[in-house]
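Structure first, then comments.
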Amino acid sequence: MYYEVVIPAAGQGKRMKAGRNKLFIELKRMPVIIHTLKVFDAHAQCKRMILAINEEERQDFERLLKVHAFQTPVSLVNGGEERQQSVYEGLKAVKDADIVLVHDGARPFIKHTQIDLLVKAAIEKGSAVVAVPVKDTIKRVQEGKVEQTIERQSLWAVQTPQAFRHSILKEAHEYAERTGFLGTDDASLVEQLHGENVYIVQGDYTNIKLTTPDDLLVAKAIMDAERGY
């Protein structure tokens, strides 16, 4: 089954301290967002890639898309102030896909095998996310004091892509807009719907999100390892 992927790309990534949209930062002489788009462009089930962008950066994105040709159609829509609003605007641009993926533009290392499993899970169960078991000890802290050590066995660090039946994700965003709910990811919006469950597809620890300057060092190491440098 084919899918369309919505990629929120309007954020400025202040923690990266790059002074610009972090998706324009180059890894191995290619912008991060192009690395991410290439993954989906090469995936046979991807029908369309929708970028929710800052209108002020439209020309920058258009210029990149002209330089780097893709076989899969790419659509640009204006995003919102919050990530959730950007995804919603991208979702409105979905045309005829029964399955919709949402993916962080700053995660260029997602693998096709994980996308395959994720799409399969969304078809069968409605909603699924890529995640990895938490490796560190997690503690709840209040005003600098440890209040509780959380049992690690049931904790998973959720990544993207996240995949949903189009109808479910649309209903979740509409409900969030009506109620004013602001979630940290799209799965948290679906969790607000009565009777809807979200399922886990185990991912890979290399599927990092580029958030801080240190992440760029890790990203380069991952790329070197994958290319055998």
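Cβ atoms here come from the backbone N, Cα and C positions, even for glycine.
The site 'Transition state stabilizer' annotation in Swiss-Prot covers Arg15, Lys22. Residues or ranges marked as site 'Positions MEP for the nucleophilic attack' in Swiss-Prot: Arg152, Lys209.
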Since the record lists Lys22, Arg152, Lys209 as recorded sites, which of them has the fewest other Cβ atoms within 10 Å of its Cβ?
Arg152
What's the CA to CA span in angstrom from Arg152 (site 'Positions MEP for the nucleophilic attack') over to Lys209 (site 'Positions MEP for the nucleophilic attack')?
22
According to DSSP, folded down to helix, strand and coil, what is Lys209 (site 'Positions MEP for the nucleophilic attack')?
coil
Please classify the secondary structure at Lys22 (site 'Transition state stabilizer') using three-state DSSP.
helix
